[in-house]
Amino acid sequence: LTCKTCPFTTCPNSESCPGGQSICYQRKWEEHRGERIERRCVANCPAFGSHDTSLLCCTRDNCN
């Protein structure tokens, strides 16, 4: 599986997930500097946090 890995709206970077991590993840939240984005590979989809504005977990290449 290959997942996007950069903290920008448009993300050209991706990486192959290590063994045991078969989910692509994207989380967005608001800070005083504006919207923040986190993208990476995970083993389990995390819970929706109280400050999150969106949370995406998917299992296709570069789906996050």
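Note: Cβ is positioned from N, Cα and C throughout, glycine not excepted.
Since this is a predicted model, take the numbers as computed values, not measurements.
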Partner cysteine of CYS24 (disulphide bond, per Swiss-Prot) from CYS3, CYS45, CYS57: CYS3
Listed disulfide-bonded residues (CYS3, CYS57, CYS58, CYS63), ranked by Cβ neighbours within 10 Å, top entry: CYS3
Cα-to-Cα gap, CYS45 (disulfide bond) vs CYS63 (disulfide bond), nearest whole Å: 14
Pairwise Cα distance for CYS58 (disulfide bond)/CYS24 (disulfide bond) [Å, integer]: 5
